[in-house]
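*Asks:* This is the feature table in TrEMBL:
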BINDING   A:LYS7, A:PHE8, A:GLY9, A:GLY10, A:THR173, A:ASP174, A:TYR179, A:ARG184, A:LYS209, A:VAL210  ATP binding site
BINDING   A:THR47, A:GLU74  substrate binding site
DOMAIN    A:267-346  domain 'ACT'
DOMAIN    A:348-411  domain 'ACT'
Protein chains: 2
Amino acid sequence: MARIVMKFGGTSMAGIERVRSVAERVRAERARGSEVAVVVSAMAGETDRLVQFCREASPLYDPREYDVVVASGEQVTSGLLAIALQAMGVPARSWLGWQLPIRTDDAHAAARIEGVDAAVLERAFASGEVAVIPGFQGVDAGGRIATLGRGGSDTSAVAIAAAVRAERCDIYTDVDGVYTTDPRIVPRARKLRAVTYEEMLELASVGAKVLQTRSVGLAMKERVRVQVLSSFGDGSGTMVVGEDELEEGVERQVITGVAYDKNEAKITLTDVPDRPGAVAGIFAPLAEASINVDMIVQNVAHDTGSTDVTFTVPASDLARSLDALGRNQEAIGYARLVHDTRVCKVSVVGVGMRSHAGVASTMFSALAQRGINILAIATSEIKVSVLIDEDFTELAVRVLHTAYGLDAEAA
Amino acid sequence: MARIVMKFGGTSMAGIERVRSVAERVRAERARGSEVAVVVSAMAGETDRLVQFCREASPLYDPREYDVVVASGEQVTSGLLAIALQAMGVPARSWLGWQLPIRTDDAHAAARIEGVDAAVLERAFASGEVAVIPGFQGVDAGGRIATLGRGGSDTSAVAIAAAVRAERCDIYTDVDGVYTTDPRIVPRARKLRAVTYEEMLELASVGAKVLQTRSVGLAMKERVRVQVLSSFGDGSGTMVVGEDELEEGVERQVITGVAYDKNEAKITLTDVPDRPGAVAGIFAPLAEASINVDMIVQNVAHDTGSTDVTFTVPASDLARSLDALGRNQEAIGYARLVHDTRVCKVSVVGVGMRSHAGVASTMFSALAQRGINILAIATSEIKVSVLIDEDFTELAVRVLHTAYGLDAEAA
């Protein structure tokens with residue numbers, strides 16, 4: 001008997017009609033003989049509404065009280081889905097984070113799951129009852145509600161799937177799978193039958209916002225097989241699995257997908273002294289402010305013994321970054337602080353890269369042929385990213401999608 | 001040091017600005033040196049919204065899941081008020097029903113509080129931290145959220161006040177106290193400085209919807225001094241206390257107040273056999289359906305050996321009553337079943353009635369003088385109620401308010 005954790009996002013739960021559709025999907029999965037547990041998000045828009053309440057109550061809200069407020073959204077949908085399932089004759093009940101329990105650390109509003117007690121769920125499976133569990137939340141050691149940060153319901157689902165050793169964790173969302181790139185930009189983008197955890201991590205973190213990054217990391221660590229599929233359509237989605245589980249015999253491209261991320265900001269410090277320790281002096285204050293620096297370029301030293309240093313930070317951290325650097329101008333010794341948010345990071349991702357040379361050079365020449373200037377470069381074992389002018393985003397994505405042979409056959 | 005439980009209703013919590021006003025009141029009470037715990041309702045309209053979700057999910061919803069859904073409204077306002085208090089420099093935290101805990105029975109959606117653990121609250125008082133507690137809910141022995149039924153937050157507040165032996169339970173609402181009658185009908189109605197529990201029970205149950213009936217019964221049982229006062233104005237409200245606590249020397253009227261209730265329906269069964277057991281045969285099926293019968297009139301027997309029986313039930317139970325009686329027509333042996341919802345119950349209430357004769361006759365003659373026909377009568381030790389045609393409601397209330405000397409001096 002297959003054991004499946006099904007997770008439904010906010011658009012899937014937006015309103016009672018959709019809750020009923022979700023219940024019907026759960027009923028059908030159970031009718032196929034599966035043991036089912038369900039993880040739900042809040043209704044679309046509800047978490048935003050609750051977060052806004054907290055901000056209005058105080059911009060410096062206590063994250064422990066914020067958690068009490070925002071966790072209510074999933075509490076509501078859990079109860080409603082249990083009611084809708086019962087109305088279809090499916091035994092069901094809600095299990096809140098503190099009832100299971102789902103234990104977290106006490107980093108409120110951004111908590112990490114420390115453990116999921118599987119005993120209740122095992123009993124539910126044994127009795128044929130569907131457990132409906134609010135995503136995004138658990139309870140800390142002090143017995144207070146803790147939420148996992150936005151998008152945390154994916155992580156809840158994967159953690160629960162790991163705890164009950166589920167055969168699969170199906171993440172139902174408003175897209176029907178993971179594509180080779182954004183189909184709004186490249187109509188001939190193809191849905192992938194499978195990607196590896198590593199690829200998904202790179203795709204998620206560079207802007208293909210299908211799964212929360214942390215949930216993919218957890219799935220990889222716990223070896224949970226994740227499927228991304230649509231709440232609204234039929235058919236299978238994209239499996240996210242270990243590299244060893246990729247089907248043999250299926251010809252894989254060197255590159256699995258092309259992603260882009262416009263939420264980067266470029267910062268340049270001019271005329272930094274070209275001496276040991278100077279660069280460390282730049283990044284220490286940013287690290288202290290918990291700002292993640294991504295792409296870094298250090299220019300060749302000028303004749304004057306100084307150099308320019310360029311790097312990117314998340315656009316949401318730009319103001320804090322400029323503040324931290326401004327306060328340290330004297331210590332760092334730079335001349336000017338220049339920034340630009342009209343940039344985009346475009347990445348090609350694929351495990352096939354490990355065994356194929358020339359991936360980066362294909363990228364650079366394809367972009368150069370269209371006159372797209374590269375502002376910065378970053379690479380990992382399975383990814384090459386370039387920073388470009390934001391205006392060229394769509395062009396770059398299309399060029400690379402074609403260059404790596406990802407375009408679907410014309411219909 | 002005074003220990004006060006403050007309770008705020010839904011209109012007091014409707015939106016962040018009002019939550020901030022509530023926080024300011026709590027801050028001021030604490031600044032006067034009081035130990036304070038706060039009980040909050042959901043934002044006005046929120047519980048209705050959540051109830052509607054449940055009904056749409058299934059008209060026959062599981063009350064245990066309904067409780068999970070609707071309890072979220074007070075969870076939200078608890079967290080928000082804690083945030084708003086902290087923003088004013090007042091140490092505060094929310095304590096949900098399952099965290100304190102507030103223990104209830106398992107009559108979900110209409111649960112009764114079995115006990116409130118005061119240990120957490122005593123620690124909060126000792127440390128100067130304001131405990132913010134969602135009203136209307138607790139946790140049953142099985143660890144599931146249970147709600148108390150609509151208006152239950154008043155009961156939560158009184159139960160908590162009893163548990164911590166508070167000096168007073170202040171119920172902040174959208175009226176500034178209990179009046180001799182509805183000021184919308186009688187502009188010269190006066191605000192009462194004090195009423196007894198018994199009077200408040202009668203006033204609450206006959207339509208002066210200031211406090212939930214159950215909360216008054218609990219306050220009487222636990223001897224909790226309750227004050228009803230306005231969230232929006234200043235000044236003291238109405239104290240609800242034991243008869244022994246009524247101020248001596250204050251001249252009290254025989255009648256404390258005049259109340260009315262349009263939510264009654266009159267049912268008449270014609271030609272019921274006039275023999276022992278016939279009336280019992282009428283009320284047994286209603287009792288089985290848990291329908292409360294209020295005023296009963298049995299007419300003098302007809303020459304035919306039969307009689308007409310008239311009684312009232314809550315208008316919301318009319319359909320079920322007619323159904324139960326219709327199914328038992330043969331057993332009861334009545335000829336026709338007639339009903340009328342265009343009736344109103346008008347009551348005069350006062351503990352002074354015990355020591356004064358002639359209260360009822362004053363009522364009947366005052367109504368007769370204006371040509372108001374009495375359809376049924378019911379009395380208790382401190383109340384006389386009459387059922388009249390709904391069209392005469394306002395006239396009857398005004399006539400009685402004057403007849404018992406309750407009108408305020410003209411300004």
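Glycine is no exception: its Cβ is also placed from the backbone N, Cα and C atoms.
Model, not experiment: these values are computed from the prediction.
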*Asks:* For the domain 'ACT' (A:348-411), what is the mean per-residue pLDDT, to the nearest integer?
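*Replies:* Result for the domain 'ACT' (A:348-411): average pLDDT 92.
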*Asks:* Could you round the CA separation between A:THR173 (ATP binding site) and A:THR47 (substrate binding site) to a whole angstrom and send it over?
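*Replies:* About 17 Å separate the Cα atoms of these two residues.
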*Asks:* Rounding to the nearest whole angstrom, report the longest C-alpha distance spanning A:LYS7, A:PHE8, A:GLY9, A:GLY10, A:THR173, A:ASP174, A:TYR179, A:ARG184, A:LYS209, A:VAL210, listed for ATP.
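*Replies:* The span, Cα to Cα at its widest, is 25 Å.
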*Asks:* Whole-number Å only: compute the distance from the Cα of A:LYS209 (ATP binding site) to the Cα of A:THR47 (substrate binding site).
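*Replies:* Distance (Cα to Cα, whole Å): 18 Å.
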*Asks:* Going by DSSP, is A:TYR179 (ATP binding site) part of a helix, a strand, or coil?
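*Replies:* DSSP assigns A:TYR179 (ATP binding site) to strand.
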*Asks:* To the nearest whole angstrom, what is the C-alpha distance linking A:GLU74 (substrate binding site) and A:LYS7 (ATP binding site)?
*Replies:* 12
*Asks:* When you measure from the Cβ of A:THR173 (ATP binding site), how many other Cβ atoms are you left with inside 10 Å?
*Replies:* 23
*Asks:* Write out how many residues of the domain 'ACT' (A:348-411) are helix, how many strand and how many coil, based on DSSP.
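*Replies:* Counting residues by DSSP class gives 30 helix, 14 strand, 20 coil.
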*Asks:* With DSSP as the reference, give the number of residues of the domain 'ACT' (A:267-346) in helix, strand and coil.
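*Replies:* DSSP classes over the domain 'ACT' (A:267-346) add up to 28 helix, 27 strand, 25 coil.
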*Asks:* When the number of other CB atoms within 10 A of each residue's CB is tallied over all shown chains, which of the binding-site residues A:LYS7, A:LYS209 has the maximum?
*Replies:* A:LYS7
*Asks:* What Cα-Cα separation, expressed in whole Å, is found between A:GLY9 (ATP binding site) and A:THR47 (substrate binding site)?
*Replies:* 12
